[in-house]
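K.L.:
Swiss-Prot lists these features:
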type	residues	note
ACT_SITE	75	active site, proton donor
ACT_SITE	219	active site, proton acceptor
BINDING	13, 46, 66, 76, 77, 159, 192, 210, 211, 220, 221	substrate binding site
SITE	270	site 'Important for dimerization'
């Protein structure tokens, strides 16, 4: 099998993008895992597959696969790369695009400076919508993990997210606690786990352990989740700059019942062929 692909990155979150708008495309879980391997494959955090629209209300559909082959419903950094790919490959001349994923519809717009803005949808805090096992709705929950109690906020923005407020981000804790929480029994579908350090009401630092992938240099949807959780409990303002190891994103959220908007860069790294 020969697969033409484009390698892209958004804030260091890297992707393999495949155009399946004209020819149907399918990989098995084992093939995705092989392609994701950074020593024996191409290497990526997520695989993005662009497909024709499922209905007339959107311009394209795109599928998102983690490095372990699991399909997920949201990827903010990937959405920005999709917008740049569609423009570069002349798949559409629209200034604004609507694209569907497994469970969301996103609105994409390339800004004059080349950055891409994505309307990520309305944050959902009800435990049953995340899903998260809890007796009621709260700003923060106390979760038992091994021999400690962890305070976290939860929200769904296309994917389940757990946000842990910390005074200072500890790299070892991100790897160990993040891995444990990403598959915790309180999250029936797993979760992306963000460690949020509030610098001031307009700036936070964030590191993320993604389910099915591990720690990444950036996670757009978790950046949105962190701002939503921080705004909900009065820690943050409407516009927040989120600094992650791979770069910074600007997140805007006016409040309940309104969508979160994320703005940041997206870059093509190289094009190639994968032979299996």
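Placement of Cβ uses the backbone N, Cα and C atoms for every residue, glycine included.
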K.L.:
Near residue 221 (substrate binding site), which residues of its own chain have a C-beta under 8 A away, given they sit six or more steps off in sequence?
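P.N.:
Residue 221 (substrate binding site) has long-range Cβ partners 74, 75, 76, 120, 157, 158, 159, 161, 192.
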K.L.:
In whole Å, how far is the residue listed as 'active site, proton acceptor' from residue 13 (substrate binding site) when you measure between their Cα atoms?
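P.N.:
Taking the Cα atoms only, residue 13 (substrate binding site) lies 7 Å from the residue listed as 'active site, proton acceptor'.
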K.L.:
Where among the binding-site residues 13, 66, 77, 192 do you find the Cβ with the fewest other Cβ atoms within 10 Å?
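P.N.:
Sparsest of the binding-site residues 13, 66, 77, 192 by Cβ contacts within 10 Å: 66.
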K.L.:
From the recorded positions 66, 77, 211, 270, pick the residue whose C-alpha lies nearest to the C-alpha of residue 219 (active site, proton acceptor).
P.N.:
77
K.L.:
If you count other CB atoms within 10 A of each CB, which of 75, 219 wins among these active-site residues?
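P.N.:
Answer returned by the neighbour count: 219.
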K.L.:
Output, ordered by sequence, the same-chain residues six or more apart from residue 270 (site 'Important for dimerization') with a CB under 8 Å from its CB, or 'none'.
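P.N.:
When sequence neighbours closer than 6 are ignored, residue 270 (site 'Important for dimerization') has 6, 7 within Cβ distance under 8 Å.
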